[in-house]
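Participant: Below: one structure in structure tokens.
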Amino acid sequence: MTHGLWAHHQGSVDHLAQLVPLLHECASHVTEGSFEKADFTFKKIRMLTFIADGPLQRLSTIIVDSLAHRLLFSIQGLSGALIDPFDYIEQTIVQAARYNFFNLNPFLSTGFVTINRAIMEAMEDEKWVKILQDFHGRPGGPPELYLTVLHDDHEFLANMQTLLSKKAESLEVPFRFISVKGRLETLDLSNLRDTFQIKFGGAVAISCALQLHHLLLVDDNLSSTSIAQLQQMANFTQLKQMASTVCSPASTLNYLQTPSPHTPKLLARLLSVIRALKPNIMVIMEQDANHNTLLFRDRFNEVLNYYAALFDSFHAVAAANPQRVDERLRVERMILREEIKNILVCEGVHRHERHERLDQWAMHMEESGFHNVQLSFSAIREGKENLLSFGLKDCQNKEDRGCLLLCWGSTNLYSISAWRPNKGSASGSREHMLVQRQILWPAQICLAAQGFVWTRNADFGAISAPFDPAFCSRLGAEEIDPKIQLRLCCTNRSMFQDDMLSSATSSPASSSVYSPSFSPSNGSWVQELSHDHQSVRLISLLYQCSAEVAAGSFDRANLCLEHITQLSSLDAPHALQRLAAVFADALARKLLNLVPGLSRALLSSSSATNSADGAHLVTAARRHMFDALPFLKLAYLTTNHAILEAMEGERFVHVVDFSGPAANPVQWIALFHAFCGRREGPPHLRITAVHESKEFLANMAAVLSKEAEAFDIAFQFNAVEASLDEMDDFDALRRVLGVRSGEALAVSVVLQLHRLLAAADDNNGGARRHALTPLQIIARSSPRSFGELLERELNTRLQLSPDTSPHSPLATSTTAPKLGSFLSSVRSLSPKIMVVTEQEASHNGVAFSERFDEALNYYASLFDCLQRSPALSPAERARVERVLLGEEIRGVVAREGAERRERHERARQWAARMEAAGLERVGISYSAALEAGKLLQSCGWAGPYEVRHDAAGHGFFFFCWHKKPLYAVSAWRPAATASCCRHTRS
């Protein structure tokens with residue numbers, strides 16, 4: 001039964017009940033290192049997640065992405081080459097996601113309300129407060145508050161200072177903000193008082209919200225082989241039994257609690273420093289989950305249960321506020337996904353998300369010389385009232401031995417507990433009890449200092465800081481003496497690391513995964529190479545890797561990728577290094593396409609760009625490329641010139657813009673100006689734009705209408721919300737575009753026609769129907785490794801495929817039914833001119849090696865253009881390279897069949913296609929070339945950039961970089977009847 005039919009067959013079954021057992025089954029296969037079984041399970045899960053868009057389906061998509069990464073983790077070359085699509089998301093968007101996380105999460109605000117109340121009560125009973133009551137009659141009001149914040153983002157510190165200072169001033173609370181820029185990992189804890197400007201004699205309160213678990217970071221001192229052996233030896237009965245048990249998203253799973261035997265050195269040292277400050281109270285808020293176990297099986301069970309409840313809660317909040325659906329998606333993809341990925345993929349010192357349950361935190365605190373302080377009835381009541389204010393019946397809280405648990409249904413999500421140092425407790429750490437355990441410092445942590453010490457995660461944004469303005473007003477109402485200084489010290493640790501997939505100390509499948517005999521992991525050979533030698537080596541490795549991929553040699557391709565990743569980086573200063581990183585990702589995905597279940601389990605770049613934030617990045621990248629490079633400007637200018645010449649004397653002109661994502665109102669504003677220069681004056685102009693974004697069409701209509709009014713042009717704008725490559729019924733094109741008789745029609749298509757060349761059965765598609773599937777290969781002989789699976793799959797396809805050499809019939813230009821249908825429909829509209837702009841490259845070849853060669857040379861030129869552009873900042877250049885060009889490269893190199901939309905062809909190939917469709921060339925006058933040259937001169941682009949007119953007289957214009965054509969413009973119109981018949985007969 002095919003996977004699609006399987007999913008359809010399950011339509012009458014509760015899909016949620018099917019998903020959970022499949023996720024457990026998949027985790028079991030990943031733990032065992034079974035690529036074949038995991039691949040099959042990935043396919044089944046993917047089918048179920050497409051059926052509906054519920055919280056469990058979205059969580060499943062993220063979990064299988066993490067499982068796929070974990071399965072590939074020990075294959076250093078392949079996994080190291082893969083680029084996480086969400087790495088493209090910029091810090092400002094991530095900051096917005098963190099702020100949304102706080103606003104959508106009812107439990108965090110409840111936690112902060114409870115923490116504030118607990119601190120207020122802890123301050124009331126201090127004996128020095130009673131002594132100072134004698135000064136109560138003195139004017140001055142509330143005490144002076146100090147807030148010291150440690151953060152590595154200067155902008156965040158400035159914004160937080162401005163916000164809190166203004167609020168404190170409005171509440172008439174004396175307030176001082178002390179900012180410390182840096183990371184805690186570089187601080188000397190023994191000199192903390194001076195660093196945070198702490199004075200003796202003040203009241204101390206400490207609040208740590210969702211931060212202490214980062215201090216549980218340890219290096220388990222086990223090799224990946226040892227961990228793999230432990231996992232192989234573990235009893236899988238419990239996990240497999242769970243796979244047959246139906247669980248709801250918020251149900252409680254049985255779990256094996258494995259608390260750490262002793263407090264890790266890092267946490268113990270921090271608590272020792274805090275204890276030396278003698279705080280009146282230390283309040284801790286943490287995720288109440290057991291994600292700090294050694295065995296992957298136990299962590300997975302906890303992750304599925306915990307995040308199913310959390311996703312369910314966010315879904316409920318967004319359902320009550322439909323306008324917040326985009327915020328929910330942003331939180332799920334950028335915040336929660338990174339947590340899940342870190343828990344499930346990373347090991348050792350790279351695994352930072354080490355959440356533990358309340359009992360385990362109690363053990364750490366008591367070991368470190370603290371005793372529990374029960375939260376008061378008032379604190380718990382205020383927290384409960386805040387939770388009820390969200391109006392969600394599943395939001396619950398319960399008291400546990402003087403602590404507070406915040407729950408979604410029956411699942412505990414967060415715990416809040418209060419602590420105080422034991423009187424006369426020793427200040428030394430318990431390092432002597434940590435036997436045979438190597439403890440390392442993590443990237444960054446949170447801690448507290450004198451007075452009110454707030455340790456919180458700035459991920460929630462400055463507005464959500466636990467320093468509640470209402471808390472200031474309550475302080476004023478308590479009439480505490482103004483001479484008492486309550487110092488708030490806050491540090492930040494970024495919750496999510498950019499380097500999630502750097503080398504870990506273990507992998508679940510290391511015993512069954514290919515590993516090269518020679519591993520250049522130390523990178524010493526890279527340091528010995530000069531930049532020029534590194535460049536030569538990179539180019540050689542890229543070509544070698546593409547040849548190994550084409551030949552189906554997984555071992556060699558993986559080793560090449562491992563070398564390439566050590567020489568390249570997305571953030572490297574040189575264009576070739578950044579280009580190589582993108583091509584390595586594309587080659588790795590090309591290899592993975594042979595195992596479709598595993599390949600599709602990995603979140604693609606479209607997962608990041610299809611969101612509102614991703615669309616914003618794409619739009620910004622297109623704007624940067626337009627501003628920095630002359631190619632689109634030249635294309636618009638040449639197109640307008642050709643239209644202007646074709647429409648000479650016409651009084652009613654209709655322009656249809658099929659440019660889609662490449663469309664820009666600037667082009668038509670320039671046409672307005674050109675039409676106004678005609679002797680007979682401007683015509684009545686109608687523009688129809690075809691674009692998939694309703695928002696873009698609305699903005700374009702507003703801009704053009706305003707400009708037309710300024711030019712005093714009779715103007716009408718028609719919007720068609722569609723994508724050219726997704727349009728099916730081209731026979732209805734006249735009706736869709738609103739073409740009228742009596743109007744002179746012009747058609748403009750910029751960088752879109754190549755997308756109509758996609759066909760589902762190209763690239764040996766006929767042979768694929770006869771080739772063995774991965775499951776058939778597995779059924780015949782069980783491969784021992786992932787490398788063997790890939791090699792056998794690819795070699796089988798190559799053996800059953802016809803000749804793919806450039807001289808074979810299959811390698812020649814093939815018909816593209818969709819393009820033919822579109823061109824035929826356009827010809828039936830009888831346009832006076834059709835102007836086409838396309839990339840001047842041959843990326844539509846059948847032979848992969850030729851396609852790769854063309855792509856590497858072509859995009860190397862574009863990356864070089866961007867590198868030398870003074871108009872782009874590094875961040876803007878990165879947007880263009882990663883979001884625009886990177887996606888094109890993946891489309892050319894990694895994708896096949898109907899999914900491969902980037903099918904650029906050279907001008908001579910387009911000429912053959914256009915003539916076969918019954919169109920004839922229209923020569924663009926030489927004056928257009930002169931105008932283009934003037935544009936290059938005026939903008940300072942002359943020299944490396946040039947416009948070349950086709951010397952053969954075919955009417956093409958080529959836009960070049962150092963004499964290499966990168967884009968081509970040509971003009972066409974319906975051919976005469978006789979000529980058309982000749983083409984049809986031929």
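Any Cβ shown, glycine's included, is placed from N, Cα and C.
Caution: TrEMBL annotation is automatic and unverified by curators.
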Participant: Of the residue ranges 212-216, 292-296, 687-691, which one carries the motif 'LXXLL motif' annotation in TrEMBL?
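Facilitator: The listed stretch tagged motif 'LXXLL motif' in TrEMBL is 212-216.
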Participant: Which one of 68-72, 753-757, 883-887 shows up in TrEMBL as motif 'LXXLL motif'?
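Facilitator: Checking TrEMBL against the ranges 68-72, 753-757, 883-887, the motif 'LXXLL motif' one is 753-757.
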Participant: According to TrEMBL, which of these ranges is motif 'VHIID': 18-22, 373-377, 653-657?
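Facilitator: So the range that TrEMBL calls motif 'VHIID' is 653-657.
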Participant: Reported in the order helix, strand, coil, what are the DSSP residue counts of the motif 'LXXLL motif' (212-216)?
Facilitator: 5 helix, 0 strand, 0 coil
Participant: Are there residues at least six beyond either end of the motif 'LXXLL motif' (753-757) with Cβ under 8 Å to its Cβ atoms? List them, or say none.
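Facilitator: Beyond its ends, the motif 'LXXLL motif' (753-757) has Cβ neighbours at 724-725, 816, 818-819, 822, 836, 838-839, 844, 901-905, 910.
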Participant: Quick check on the region 'SAW' (894-973): DSSP residue counts for helix, strand, coil, in that order please.
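Facilitator: Tallied per class, the region 'SAW' (894-973) gives 26 helix, 25 strand, 29 coil.
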Participant: Based on DSSP, tally up the residues of the region 'SAW' (345-420) by helix, strand and coil.
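Facilitator: Split into helix, strand and coil, the region 'SAW' (345-420) gives 26 helix, 26 strand, 24 coil.
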